[in-house]
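Undergrad: Before I ask anything, let me first share the structure, which is written out below as structure tokens.
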Amino acid sequence: MFVAIGSTNKAKVEAVKEALKIIGLNADVISVNVESGVSSQPFCHETFVGAKNRAYNALNATNADIGIGIEGGICYYENKYLAFAVVYAANKEGLENFSFSMAFSLPYSMVKHILEGRELGEATDLIFSTKDSKQHEGAIGYLTKVITRKELYIQPVIAALYPFYNKIE
């Protein structure tokens, strides 16, 4: 089996590899840099659209059996800005599924930078005086000190993939 992920982000690629290992799917994984078709910091529904676009763009750019798109986004709910991700999986036969990560609230110090036009990763780097946090621990890692960005993505990758390995009508 050949799986293409529509991102070269290290945390996303490693999450897909770990998820495939957990569910026992023996697959070669390739990461491809594809367009999401949404803003660099998606909000709410844009996040879903970006994940779907990445999955299909990865599928179309390769000869993969499954294309996977992971898009991180932010949504405003109950006076809080919440960060979350959408994972979308699709194949060329028309099978598709999606899932969401857990959502977590962002402190105002980060939200302020995001509302000024920065991505969450940039805001994280500024607040925590680091570089390329989105390739590693991510905002979730710096905020919780125990959950990494890779770990945040593993469960929704598994949930998005279940129709591809657990054939239930």
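Positions of Cβ are set from backbone N, Cα and C atoms, glycine also.
Swiss-Prot lists these features:
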- Ser7, Thr8, Asn9, Lys10, Ala11, Lys12: substrate binding site (BINDING)
- Glu35: Mg(2+) binding site (BINDING)
Undergrad: So, three-state DSSP: helix, strand or coil for Glu35 (Mg(2+) binding site)?
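TA: Coil, per DSSP.
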Undergrad: Using all protein chains in view, find how many other C-beta atoms are within 10 Å of the C-beta of Glu35 (Mg(2+) binding site).
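TA: Other Cβ atoms within 10 Å of Glu35 (Mg(2+) binding site): 10.
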Undergrad: State the Cα to Cα distance, in Å, between Ala11 (substrate binding site) and Glu35 (Mg(2+) binding site), rounded to an integer.
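TA: For Ala11 (substrate binding site) versus Glu35 (Mg(2+) binding site), the Cα atoms are 18 Å apart.
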Undergrad: Glu35 (Mg(2+) binding site): which of the binding-site residues Ser7, Thr8, Lys10, Lys12 is the nearest Cα neighbour?
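TA: Comparing Cα positions, the candidate nearest Glu35 (Mg(2+) binding site) turns out to be Ser7.
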Undergrad: If the substrate site is taken as the center of the Cβ atoms of Ser7, Thr8, Asn9, Lys10, Ala11, Lys12, which further residues of that chain fall within 8 Å of it by their Cβ?
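TA: Sorted by sequence, the hits are Ile5, Val13, Glu14, Ser31, Ile70, Gln135.
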Undergrad: Counting other Cβ atoms within 10 Å of each Cβ, which of the binding-site residues Ser7, Thr8 scores lowest?
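TA: Per-residue Cβ counts within 10 Å for the binding-site residues Ser7, Thr8 bottom out at Thr8.
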Undergrad: When DSSP is mapped onto helix/strand/coil, what comes out for Lys10 (substrate binding site)?
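TA: Reduced to three states, the DSSP call for Lys10 (substrate binding site) is helix.
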Undergrad: If we count other C-beta atoms within 10 Å, could you say which of the binding-site residues Lys10, Lys12 has the fewest?
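TA: Checked Lys10, Lys12; of these binding-site residues, fewest Cβ neighbours within 10 Å: Lys10.
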